[in-house]
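*Asks:* Below are the structure tokens for one structure; questions will follow.
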């Protein structure tokens, strides 16, 4: 018991210290200073000092950077590690229908190292300026034609400063005779637009393709459904993320972030608006007939207002059974002038009027049930019925909700292979952003998944490994958190002490069972299972013990009477019976002694 109480007191003291230390941390938040010298004992301080002295982090493993190299056929691959914008063309166009001050694509692009990079030598394309129009593009090694092979588009993005409002998507520019990268702008035809975009709290991951209507020849944008995954982390954690689009000849598609699928579907079923229009449409020339009745219910024309229906009866009436409470102060107003109020010194009665003290609640009404003229409370009027209206009945002339008839859609077509899109010959970034320093890297366009995976492993995978090597382990993170908030040491100690306390509590709280060796080495029988259970339940009260003692005494008297009645037995039999009775008496007396040492009976010679 002493050990239990000691553990209880120890945990209570540590918990109190934790709360006090946490309160001190909250009070000193402004100065970012936490002083726990008055809360923790010398032992805990010594642990902190020893840990701070020996918590020097191990040297960070170095990850050597090497630019990724395509392992198969590619249409486009760019790492920017040569440090220049060779092969990229800056747009000189202007946006239409925009003020000249902001119409130019004069946003700056540069090749830079990533901020806080763990891989020296790894460079990328950086959108440098904010609140500007940016446009830059580059030719593919050869145009991509949609035939029997998949399309895989992959690149990396890092929002180094986060992102307020802006995009980081790419456009695959359609192969047309009019394509001029020097005049790349928002209306330049593209085949696919893919990538992240954010404004406000709307986080998007675009996949849009332009589909050509085979009947009219016009293009229409088709948008993939929104991903079910939460995309917010990819915009806010300031880490490099890998975006991948996989488009297959069977019209299926997959969108991956960091090699994890976040969206998938089919071009025929999961785009908005649908690729193929409906076979039938509503006839635009069909009009609802004038006598068409769409009312399922109508007022009963045969209903008549009852003679006793009173439409003028009020909804509320005074409660005639109410009685004015005793002590009601009829002559006292609810509010009185504040006797302590004084007219301001600068009060001008000519301009401000006659000064009056402000009103306050009447102090005399505080102890009374009410003040002023008493009025009966209002209750619902049982005779109130309101304005009479005829009941509603089924409309026998109801014809249903009218809809125009269906006619064949004159613009209907069926394109079962929307994968076969317009070929594209360039990749471009045409962006507006309110945040600067958006980092792009490691673009690749290919047809083989293995090639894209190898490229990702040698590029993004290397960045991930370097970031992981630089991040502290769980223990290191806990130590760093405790250095900023010393009261966490108490939390750590409690976390370790609680399981130990529970183990000790359960191990030490069990009742100690008697050892068989403790019984006398005699022929007396040992207590059976029932007796052991009774011994374990001896705490139930002295009453049960007394009843058991009386029962034992009655047994002794009966045995003595039986001894006296056996007179015809031989001397040898009497001696044997006496010895047997002696042994029984000794056993019973021993049990009685175990139950209650106060009533020990002397053995009979």
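Heads up, the Cβ atoms here are built off N, Cα and C, so glycines get one too.
OK, TrEMBL features for this one:
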- 279-323: compositional bias 'Basic and acidic residues' (COMPBIAS)
- 328-351: compositional bias 'Acidic residues' (COMPBIAS)
- 553-564: compositional bias 'Basic and acidic residues' (COMPBIAS)
- 571-581: compositional bias 'Acidic residues' (COMPBIAS)
- 165-199: disulfide bond (DISULFID)
- 266-351: region 'Disordered' (REGION)
- 516-605: region 'Disordered' (REGION)
- 1-21: signal peptide (SIGNAL)
- 487-508: transmembrane segment (TRANSMEM)
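Could you give the neighbours, burial and distances for every feature on this list?
*Replies:* A Cβ distance under 8 Å defines the sequence-distant neighbours of the compositional bias 'Basic and acidic residues' (279-323), meaning residues of its chain 6+ beyond its ends; these are 375-381, 383-395, 397-409, 412.
A Cβ distance under 8 Å defines the sequence-distant neighbours of the compositional bias 'Acidic residues' (328-351), meaning residues of its chain 6+ beyond its ends; these are 357-365, 368-374.
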*Asks:* When DSSP states are grouped into helix, strand and coil, how many residues of the region 'Disordered' (266-351) land in each?
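*Replies:* Per-class counts: 3 helix, 16 strand, 67 coil.
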*Asks:* List the residues of the same chain that sit at least 6 positions away from residue 165 (disulfide bond) in sequence and have their Cβ under 8 Å from its Cβ, in sequence order, or write 'none'.
*Replies:* 198, 199, 200, 433, 434, 435
